[in-house]
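S.K.: Quick one: the structure is below, and I'll ask about it shortly.
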Amino acid sequence: MINFDGIKKITERLKWKQGDEDENWAKKAIDNLMKKLIKHNKQALENLEFALRCQGQQKTECVTIPRSLDGRLQISHRKALPHVIYCRVYRWPDLQSHHELKAIEDCRFCYESGQKDICINPYHYKRVHATGVLPPVLVPRYSEKPPQEVPPTLAKFQLMEMSGSRMPQNVNMANVNFTANQFHQYNPNGIEEMDTSQKFDIPPGVPTCLVPFDKVWEEQFWATVSYYELNTRVGEQVKVSSTTITIDGFTDPCINGSKISLGLFSNVNRNATIENTRRHIGNGVKLTYVRSNGSLFAQCESDSAIFVQSSNCNYINGFHSTTVVKIANKCSLKIFDMEIFRQLLEDCSRRGFDASFDLQKMTFIRMSFVKGWGAEYQRQDVTSTPCWIEIHLHAPLAWLDRVLSTMGPTPRPISSIS
């Protein structure tokens with residue numbers, strides 16, 4: 001018996017939509033599909049339900065609909081190829097064109113076959129890399145909230161039980177001269193002042209990547225935040241210790257560790273676009289760092305959206321590493337997961353220095369205010385946005401450094417002409 005509700009309700013679990021996508025586009029696409037299958041191919045409806053339930057774990061049959069005159073299907077005034085539409089609805093929300101899809105060998109009615117029926121089974125296609133295609137800006141449909149704070153006494157008990165040691169208490173952020181008129185060209189490779197050479201008490205014989213991260217990193221500062229206008233860093237880098245910090249556009253001079261007011265940062269070379277953008281930052285963003293597991297959440301407090309590029313977040317959701325996520329007012333999203341980083345580090349450490357070193361890209365997060373960048377914007381890079389920040393996460397960077405220091409050098413030859 002066909003479970004119509006099961007096929008429809010799967011959209012309720014779809015977390016993402018593309019930035020220019022109508023809120024009900026996926027639902028309309030599924031309603032359209034239901035009508036076509038009921039009219040032309042009821043058996044295919046059962047095949048679709050089975051395919052969605054198995055999620056590619058078992059072999060499934062083709063799910064076909066009639067090919068239109070131009071091969072495309074119209075949903076909400078937008079035309080696209082049907083297999084692209086339903087692969088996007090059910091599997092890859094960041095999918096943009098048929099150039100990113102390739103049919104599996106068992107698919108008898110794939111789009112490329114040119115037959116009168118087209119298979120739209122999303123598990124009969126696999127994703128391929130398409131050169132020259134910028135990933136779309138994606139918008140979460142639902143918020144991810146940070147976990148509730150554990151009472152201090154319970155947290156202490158749990159930590160002693162887990163690692164035999166206690167995490168240090170938060171301390172106030174070090175004094176920073178916010179108004180220092182110092183400008184630096186953007187350096188994509190990182191932090192200037194962070195020391196990752198500390199010695200850690202790790203039991204002999206235990207691979208560093210398998211040690212709980214609280215044993216590897218016990219410093220009071222969990223991140224360093226840099227503020228940029230276009231490709232120029234403005235002011236000093238700010239080390240962060242408070243587990244909850246607000247970065248806003250106001251001018252609060254209080255340095256209490258829980259707020260960074262970008263309105264205090266001065267730049268004599270600021271243009272009108274930057275000035276106007278700064279006026280709209282407002283309440284900005286609230287960052288919540290969960291010390292117990294190393295995860296980081298961002299909640300947009302501004303009336304204008306914030307735009308986030310986190311390769312860790314993108315990996316979790318199966319997106320291209322350079323994908324930009326748009327977070328609207330009052331929406332919250334996990335932008336870093338330490339457990340995922342640990343799993344990747346464990347895997348990469350077995351594959352050598354180069355694979356492990358590449359994970360340093362996951363230790364920093366870029367975030368712009370008000371103005372976005374990417375496929376749907378005239379700005380193709382974060383350094384073209386008026387106001388943005390870069391967040392360097394200390395714990396994963398120190399953990400990675402510890403692993404790299406136990407490895408030999410890269411096998412790639414290097415010379416003056418390499």
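Note: Cβ is positioned from N, Cα and C throughout, glycine not excepted.
As annotated in Swiss-Prot:
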- Cys62, Cys107, Cys119, His124: Zn(2+) binding site (BINDING)
- 8-134: domain 'MH1' (DOMAIN)
- 222-418: domain 'MH2' (DOMAIN)
S.K.: Let me know the DSSP-derived helix, strand or coil state of His124 (Zn(2+) binding site), please.
M.R.: helix
S.K.: By a simple count, how many Cβ atoms lie within 10 Å of the Cβ of His124 (Zn(2+) binding site), its own Cβ left out?
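M.R.: So the number of other Cβ atoms within 10 Å of His124 (Zn(2+) binding site) is 24.
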S.K.: With an 8 Å cut-off on Cβ-Cβ distance and a minimum sequence separation of at least 6, pull the same-chain contacts of Cys107 (Zn(2+) binding site), or say none.
M.R.: Cys62, Cys119, Asn121, His124, Tyr125
S.K.: Given the recorded Zn(2+) site (Cys62, Cys107, Cys119, His124), which additional residues of the same chain have their Cβ within 8 Å of the Cβ centre, ordered by sequence?
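M.R.: After dropping the recorded site residues, what remains is Glu61, Val63, Thr64, Ala103, Ile104, Asp106, Arg108, Phe109, Cys110, Ile120, Asn121, Tyr125.
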S.K.: Would you mind ranking the binding-site residues Cys62, Cys119 by how many other Cβ atoms sit within 10 Å of each Cβ and giving me the lowest?
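M.R.: Looking at the binding-site residues Cys62, Cys119, the Cβ with the fewest others within 10 Å is that of Cys62.
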S.K.: May I have the DSSP-based helix, strand and coil counts for the residues of the domain 'MH1' (8-134)?
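M.R.: Output for the domain 'MH1' (8-134) reads 53 helix, 21 strand, 53 coil.
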S.K.: Average pLDDT across the domain 'MH1' (8-134)?
M.R.: 84
